[in-house]
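Before any comments, here is the structure.
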Amino acid sequence: MTTVSDYKAQLLQRLQKAGDQPDSGAQEMLDLAGSEERITALIKLLSNPATPAADLVNAIGTLAAVSIFSKVLPTQSAELTNALRGLINSPDAEVRRQALSYLTLRGDAVAQQHLRSELQSSKPEADKSVPTSQAIAMLGVDKKAIDKALLLNIAKNPPDDESLVQAVRHLPADKDTAAVLMGILQDDSKPLAARALIPDIVNNVDSSAFTAYAKQKLEQYGAASEIAPFLASGVANIQSDKNQHQVEETKTLIRSLAAEGSDAFQKAVSQLNNPILPDK
Amino acid sequence: MRADAVIEAGLPRLDGSLSEQTFAALVDRLRQRGGESAPDLVPLLSVSHEVFRGRFASSAARMRAYAMAAFHDTGLPDQAVPYVVEVLETSFDPNLVAAAARAVRGMAVPDARLADYLIRSIYNIWQNDQPVSFESYDVSWPLTSFSTALLEVLGTLAWLAASAHHVIPELETLLSTFSKRFNPRVRASIAHCVETLRSSAADFPRTCCCSVPLVESGAVTGEDLDIASIELEDQDGRRFEWRQFFRGKPSALAFFYATCMNPRKCAQTIYNLVNIHNGLLDAGLDGQVRVAAITYDPQRDTPAVLRQYGESKGMRFGADCKMMRAPSQFDGVVDAFDLGVNYIGNQVNDHRVELYLLDCEGKIAHAFLRLQANPEHAIAELARLTSKSRASASGQ
């Protein structure tokens, strides 16, 4: 059997070569990352109202890349935050998006509050700093920045399909969300990308309703429907359950459909044989 | 609504429904009234105040910071000092740290004991210094000139003048060893601070330094908690009533939650509890004292999470050492202990550090709040409670 060790010499040689000859782009970034003057200049660029939008986007992108490894940039965090907060309301959509993205990735309270206010407002989608779907994704980086009530409102009345997907993705699994999520799962008109997330959210919260729906759907359409693999996976991941009989019946049904199912369905069937231990 | 309207309309309902702007207007009004209103601001520093219920963590922090910063203008009353110290010791929020530093400058007389907390706060925020403004609540960004949390802390150290002379070596270390962690503006501020402390110490040599702690742990005359029948569940899913664990032997009880992101709070609380437990074993008190940690977040902290979290921190689980949740009656525990915790929905938005020592009847005998307990102090208190328990059992 081939192992990593077989490639060790080759890998070391490639690393050595790479270490000897950093490409010019990488060297440029390394130089920038260590330069107080150049980072200060970039931040000043962000603070200058005359800077063209394209240059602002480039500067934010460069700073975001450098922030991963620069020891100088954290010393300028206050100046950078001040400049970026000033760009949240930029007339250029991409500048706004980049500024909000940078700030929210670092848990900035001002950017979070700005996005939450817009999500709670009745502003038309086109007038928002970023689309609702992006705002949810940005706030979702910090679990304490977005709450269930706000997400439920969006899930019930999404401005577009992508927003529904993001709202569902970030909703917690509990009794308050289960009914809304089950409603979306059962609605064939909703996007599959959103429905597919739901079985593994609701399966251990309202296993009875979920199993009943999964069984009925699989009996009706077999393994052929697009949602079938996700239903099977949801059933396979049900942990300890009061309705064990109903769950076992559904599992039996799923196994019987395995031969006709897609690869994804068969993968879900294989999960039935590797149950997750119950959360005591 | 302006502050005047708030006051003239009578006190607004200080709960989660109050808008942040109305809260800020109220603080502004109190600030304008000066020293007489300082005591009215103190309750607004408590994380468990009703006004912070249902707020996002960052909003609650911003509101508390705004109220705390007002002490710069009203004067800092003694009752507010523990809150200020708590923030300097445990907070990583630049707004709160800056506000605490500003509040210190509202003291009538500089207090040397605060200098050490201010130095520690530098290490909490130096990787995440941020622009701050307390002139008004809503700010139009970008600011043309601004202060930062680090600059506020350094400004306050300079304000302490001769009282902070003893931290000059710490500041010099920042300049020599950690110079590259600061930008030129902050480096200049540190240098200025050192210079100010040196010159003020020469002009006004410090004569004494009070050794009494700023936040004292407190002996409590315990009352019945009235939660004896509350159901608890431990890290193995075993369920039992409160009285079954917390009666019969003295106990150390900490509160925490597993997803707390502040390393100075929950993680440190549990490490501290483990140290206390180990110290009890070393002191030969094995089997005579119980050790427990109860989560603030019974929904997310399932038995499996509790076990994993406890094991990762070195908890030695056993009959007398458990992590627990109150699956359906945690509100009763919050009320009984008057816990310093608040929520948005069922998610914690802020909390304080809390360790209680209970006697063998399950009554609170000692409380270590806001700052981590000194393990030796806690062990000594538990040994005392154990002796008292033995004495009363033998009828002495």
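Just so it is clear, glycine is given a Cβ too, placed from its N, Cα and C backbone atoms.
Around the Cβ of B:HIS351 (Cu cation binding site), a 10 Å sphere holds 22 further Cβ atoms from the protein chains shown. TrEMBL lists B:CYS260, B:CYS266, B:HIS351 with the feature Cu cation binding site.
Around the Cβ of B:CYS260 (Cu cation binding site), 19 further Cβ atoms fall within 10 Å across all displayed protein chains. DSSP assigns B:CYS260 (Cu cation binding site) to coil in the three-state reduction, outside any helix or strand. The annotation disulfide bond is assigned in TrEMBL to B:CYS260-B:CYS266.
Taking the centroid of the Cβ atoms of B:CYS260, B:CYS266, B:HIS351 as the Cu cation site, the other same-chain residues with Cβ within 8 Å of it are B:PHE255, B:PHE256, B:TYR257, B:ASN262, B:LYS265, B:THR269, B:TYR296, B:VAL348. DSSP gives B:HIS351 (Cu cation binding site) a strand state. Shown in sequence order, B:PHE256, B:TYR257, B:ALA258, B:CYS260 are the residues of the chain, 6+ apart in sequence, with a C-beta less than 8 angstroms from the C-beta of B:CYS266 (Cu cation binding site). DSSP gives B:CYS266 (Cu cation binding site) a helix state.
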